[in-house]
Amino acid sequence: MDSYAILKLVWAAILGILFIGLGTMVGMDMGVGTLLRFVGRNDGERRTALNIVGPHWDGNQVWFILGGGAIFAAFPTLYATSFSVFYVVMILLLFSMILRPVAFEYRSKADSRHWRASWDVAFLVSGTLPMFIYGAAFGNVLEGVGYHFGWTGQYYQDESFLSYLVNPFAILCGLMSVALSVYQGGVMLMLRSEEPIHGRARRYAMRGGVAAAALFAIGGVWISRLNGFRLTDANPGMPANPIQGQHVTVSVGGWLENFHAYPALWLIPLLGIACMLLGTLMVRADRPVLAWWIGAGSWACTIGTVGTAMFPFLMPSATMPDQSLTIWNSTASAYGLACMLVVAAIFVPIILSYTSWCYYVMRGKVRTADVIHDTHSY
């Protein structure tokens with residue numbers, strides 16, 4: 001395997017790590033938004049929940065930027081095609097993402113019950129919708145996306161955007177993503193709140209963990225009955241040209257072939273279910289720190305399961321499988337990948353360092369009485 005192929009593999013791994021970070025960190029903040037109206041029974045309790053994630057939510061959004069930036073820099077063909085295929089869905093995602101900071105800034109600007117209740121609904125929407133779209137996107141990709149390329153390399157979409165929103169398997173994946181974010185958000189509230197918020201968050205975190213494990217198991221059975229894609233003539237060193245140079249077969253249960261070829265890979269989904277259930281037990285035992293890290297492991301195993309099943313596919317084409325995008329035919333040049341690897345090696349540790357420092361500085365409990373008397377808090 002030449003250096004270009006190795007760079008492709010490295011960037012595929014980096015992309016997976018960024019997706020894990022996105023699910024863990026952004027999912028935690030979004031989960032708090034989803035739970036806001038349920039764990040907070042009055043304005044003071046809801047402000048407490050908001051101030052738990054208030055110092056960190058905007059910093060965690062960098063995982064969204066890193067994920068999109070990595071796709072743009074390392075897999076430009078995937079970036080152009082996927083953002084076009086899911087254009088309307090992306091608009092919905094951006095709407096919910098824009099609504100979130102507005103809700104943070106304006107909720108406490110007016111001392112009105114109806115005003116604040118309206119922004120609480122905005123938090124529910126802006127917390128639930130992005131995570132649902134995040135999971136549904138993986139579900140759509142696993143089923144295959146309707147697109148193809150013309151002889152000039154121009155992209156053509158073969159399905160309506162509605163098919164990506166009302167797809168049953170995608171809905172299942174979206175609900176699982178929401179459940180896991182509810183778990184992660186509930187654990188964060190447990191970690192930094194006192195009663196009664198702590199107890200309510202504990203109950204919802206347990207429900208989220210159990211629901212995520214059940215949906216993950218159902219998804220595993222479902223995917224064994226889906227059409228899977230298989231690259232029969234892989235060429236890791238091939239140029240970035242999805243129009244020619246590969247042959248793809250489609251068969252029921254095809255996504256399980258990598259697991260059948262390498263049985264040790266079954267440990268990844270099994271560990272995923274184990275992490276979700278073990279995390280739920282840690283929540284029940286009131287061990288939020290351990291439960292948080294186990295939740296991060298759940299995200300890692302979930303993303304790892306999808307990546308392992310799909311390898312080397314990034315976005316298979318349901319209409320013209322031979323034009324499916326893989327890590328071999330949709331990457332940037334070797335020079336571009338090498339340069340971006342240097343940039344990532346410098347800045348990703350910096351991001352991890354300042355994120356860890358921020359959480360260390362802002363450790364401890366957030367008390368409702370302190371929030372109520374602080375006019376500068378959310």
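Glycine is no exception: its Cβ is also placed from the backbone N, Cα and C atoms.
Automatic prediction, not curation, is the source of TrEMBL annotations.
According to TrEMBL, the protein has these features:
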| type | residues | note |
| --- | --- | --- |
| TRANSMEM | 12-39 | transmembrane segment |
| TRANSMEM | 85-106 | transmembrane segment |
| TRANSMEM | 118-141 | transmembrane segment |
| TRANSMEM | 161-183 | transmembrane segment |
| TRANSMEM | 204-223 | transmembrane segment |
| TRANSMEM | 264-283 | transmembrane segment |
| TRANSMEM | 290-314 | transmembrane segment |
| TRANSMEM | 334-357 | transmembrane segment |
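Counting Cβ pairs under 8 Å to the transmembrane segment (290-314), the stretch among 12-39, 118-141, 204-223, 334-357 with the most such contacts is 12-39.
Within the same chain, the transmembrane segment (118-141) packs against the transmembrane segment (12-39): three or more Cβ pairs sit under 8 Å, each pair at least 6 residues apart.
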